[in-house]
Structure formats: structure tokens, C-alpha cells
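Peer 1: So Swiss-Prot lists the following for this protein:
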BINDING   G96, R97, G98, G99, A100, G101, F102, P103, S104, G105  NAD(+) binding site
BINDING   212-259  FMN binding site
BINDING   C391, C394, C397, C437  [4Fe-4S] cluster binding site
TRANSIT   1-27  transit peptide
Amino acid sequence: MLSRTAAPTKASARTLSRAAAEQCRTFATVQDGSANPVRHYGGLKDQDRIFQNLYGRYPPDLKHAKKMGDWHKTKEILLKGHDWIIGEVKASGLRGRGGAGFPSGLKWSFMNFKDWDKDDKPRYLVVNADEGEPGTCKDREIMRKDPHKLVEGCLVAGRAMNATAAYIYIRGEFIQEAAILQNAINEAYADGLIGKNACGSGYDFDVYLHRGAGAYVCGEETSLIESLEGKPGKPRLKPPFPAAVGLFGCPSTVANVETVAVAPTICRRGGNWFAGFGRERNQGTKLFCISGHVNNPCTVEEEMSIPMRELIDKHCGGVRGGWDNLLAVIPGGSSTPILPKHICDTQLMDFDALKDSQSGLGTAALIVMDKSTDVVRAISRLSHFYRHESCGQCTPCREGSKWTEQIMKRFEKGQGREREIDMLQELTKQVEGHTICALGEAFAWPIQGLIRHFRPELEARIRKFAQENGGEALAGGWQRNARQQGKLVSPGM
């Protein structure tokens, strides 16, 4: 694994050695491995937090939203124009909060291509509220507690890309959240904040709410667009990209709920204010969802680059049974590779630091596992989830997810051979990068993380099974007395 130097205090920066930087070059966003990003950590105060009603202290209505600063000087922001808004978002260093981490200002600017104003097609902002990643619940909290942040964010982000309307595609299971968000949209219309002449700015902008039907794959932007158009939720080949041919064949941009919701605050307080938190290329604040074996599971807003251990100890009351009882953490939702305790000890929570550790920030949903966890069974359960949610369009994903689930079920019981571990690793590598959307990587990476860090556990189960059953399991999980038992179908089929 990558070598890290332990820090004497939790406020000091963790730096990679030159050798480790060279080793992780392919995983790092930072191109110069010798240059450590400047870190500005420790300055976040309660009044700096964007989502002031994250814990539901006040009703999620327009009256209380205005008291907490929402819709303040929104007209002035709109009148400054799209170039100014995009400039502030670029200056803030905001990166997509849905998992990919693409620079938001750059992504939004793609909508304002040359001669865009001569194109008579409508233009759309599509908000991805189809939050289905296991362990992730940040967008749900925004829509349930701070819906006006999202509605105002749609208006500001829509102005940045000169959109005519926003479609919020919300997960079908979010019944309460959909009702609260629709009420916030109705309040904004009634107050003249959206619709014709939004906020008195002369800019017309509509917001529509569309409920999905529960498919995880619709969290991918082109699958979401297909579903929004009334088609089966299956991803499109790119190019053309949505900024050119998106929803209903019109220029569109798909953005995450959290990404859109922070835009008005960035414009009000300034991009440089937002960039003052975290470190270079990893700026701003972020919603972290912490679940699993902690004393107080929660969703909390913290600044980027906070140490993982401090995040868990400060907001969750620590790991159940103490930090020494920690086994591993999945740091960014179920699709990111698992990290063992010795890495978590000094791990920073941002895009680059987690790439250096061969994982990812993803949705910043930490799933904490203590030493009572059956880690093989946990990853096997994720394999079942991704097999179930595969849309079946791409052969590597359709077939690969089925086979990885079957192999992981056998590994749970020790019914395998050591060479099958390498075969499983190779199978995931063959799927990775060979599918239309990222679901192929989503089911491959957790297994790769398991093999990378917990291979001895897999081997120990295989040896234990061999000792108890007179030898290793036969290929495919067949038992030696299968014929006598009348079993003619391989396990898992």
C-alpha cells in the first residue's frame, strides 16, 4: 500500500513521500506528484455552513428559508449575467458532488457554445435527485429540510447556462421529499421567484418535478434523460453529449442536487470565499453521510480535506467500541473500493487524497465497519445489488455482474480455489472501462478493493473449507457428492 507519514496533530497536513507519489501517479488528479496541494483547513464556523437547516430545526417553507438567507439578492445575481455566475463558480473550485468530481463551472459553460443565442431550441437544466447509491442520503436531507436551496439553485444554475426550464428527476421512493419539494416550488411560483419574470429580473424560468420508478441505473445522466423522455432507463452512447443533444434532443446539462444547491451561496458570498476551505483542487464544503458501526450515524456539512478519523470522532461519537475496533471503511458510497484501518488512520476526505489511496470520494458516504463485520459477505451483498440493478444493455456488465455475484456467494462459504481470486480480479478488470455507463466500474471496484486489502481473509476461508470437507471445492462450487445428491445444476445458477 501507499506509505504515509503520520502527523503529530490532526490539524497538520499528511504528505505523500516521493516514492509513494510515483506509485500512485495513475490514481492522482494532481499531475505533479512532488507538489502537495496547499491546505487551508480548520476555518469552518457554524455560520459558514451553507445548509443551515440540515437537522430540521425550522419548517422547510419559504418564510423560514428567507430568514436563513435564501432568495437574498437573487435578482442581482441574475442581472449580472451568465458569464459572471460561471466565473464565480469557476473561482470557487466547485466540483460535481454526485461522484465524478468534474469542475462545475467548466461543465456549465459548455451550454454557452458559439452562437448559442441563435439556436431557437429550448435549453434545459436537469437535476439528478435519483439518489440510490447504498449509504448515500445527502440529497434526501437537502430536499427534506432545505428545499428552497435547491429551487433557488435551479434558477441561478439555469441562468448560468441560459436554460429555459429545470427538470428535477427525483427518486420514486422519495415520497415525502417529493411532496416537500413540490410545495417549495409552488411557494416560489406564488411569490414570483420563478416562472415568468423570475425575481423581477426579466428572465423566464420554470421548474418541474418528475418522479422516477426506482431504477438505480437512472442515476447515470443519459439513463436519466431517457427515463425523463418516457423511454426505458438505459444509458446512451456518447458523443453526442447532453450539452449538444440532451433532453428531448435539446441542449441540456445534468447536475447533482448538492452541486446546484450551493450555487446561490457561492454567488452571494463569492467564489473566493468558498475556495478558502479545503485545499487546491478540493475546495469548499461538502455533505458527508456517515453510517454503519458508529455511535451516532449522521449527515453533516464539513470542509473538504478533513481527516477521516476526525470526521467520524467529531460528528459521530467515534467508531462503536473505539477506533481500535475499526476494520474498514467504504469512503464514498458502495461503488468505491474499501479501505482498511491502517489507511483510514491518516486518510484525508477529498478527491485527490482518496485517489492516491486507490479509492474515491464518490458521494462522500462513509460506511464504517467494525471488527464484527464479515467483510466478504458485505462485499458479496453489494455484488448482489449491482447484479440486480444492471440494465442489461452492455454484455460485460450484464454477464460480469452475474458471474461476480455467483463467485462472491461461493467465496462467502469458502467454496473456491485460490487461483479463482486472481480470476475474479481479472474479470473485474475486463469489465472496467468496457461499458457505456459507469455501472461496470461500480460493481468491479468494491471487489478489487476487497482483493487488494483482504485477500488473506478469502484465502483463509478457502483453507478452512478444504480442512472441513476433505479438499477444496470443485470448480463452479460443485460438491464432491453432487451426483449422489441428484444435483445437476451448478450452485448460484
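Just so it is clear, glycine is given a Cβ too, placed from its N, Cα and C backbone atoms.
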Peer 1: Which one is it, among the binding-site residues A100, G212, C218, G230, P242, that lies nearest to C397 ([4Fe-4S] cluster binding site) by Cα separation?
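Peer 2: Minimum Cα distance from C397 ([4Fe-4S] cluster binding site) across A100, G212, C218, G230, P242 lands on C218.
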Peer 1: So of all those binding-site residues, G96, L224, G230, which one's Cα sits nearest to C394 ([4Fe-4S] cluster binding site)?
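Peer 2: In terms of Cα distance, C394 ([4Fe-4S] cluster binding site) lies closest to L224.
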Peer 1: Based on Cβ atoms within 10 Å, give me the single least packed residue among the binding-site residues A100, L224, V254, C391, C437.
Peer 2: A100
Peer 1: Given the binding-site residues C218, G230, P242, C437, find the one whose Cα is closest in space to the Cα of A100 (NAD(+) binding site).
Peer 2: C437
Peer 1: Which of the binding-site residues L224, R236, P242, F248 has its Cα closest in space to the Cα of F102 (NAD(+) binding site)?
Peer 2: P242
Peer 1: Drop a 10 Å sphere on every Cβ of the binding-site residues C218, C394, C397 and tell me which sphere holds the fewest other Cβ atoms.
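Peer 2: Ranked by other Cβ atoms within 10 Å, the binding-site residues C218, C394, C397 bottom out at C394.
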Peer 1: Please tell me which one of the binding-site residues listed here (S104, G212, C218, G230) sits closest to C437 ([4Fe-4S] cluster binding site), measuring Cα to Cα?
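Peer 2: Of all the candidates listed, C218 is nearest in space.
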Peer 1: To the nearest Å, how far is the Cα of G98 (NAD(+) binding site) from the Cα of L224 (FMN binding site)?
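Peer 2: For G98 (NAD(+) binding site) versus L224 (FMN binding site), the Cα atoms are 14 Å apart.
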Peer 1: Rank aside, I only need the closest one: which of the binding-site residues G96, S104, C391 has its C-alpha nearest to that of L224 (FMN binding site)?
Peer 2: C391
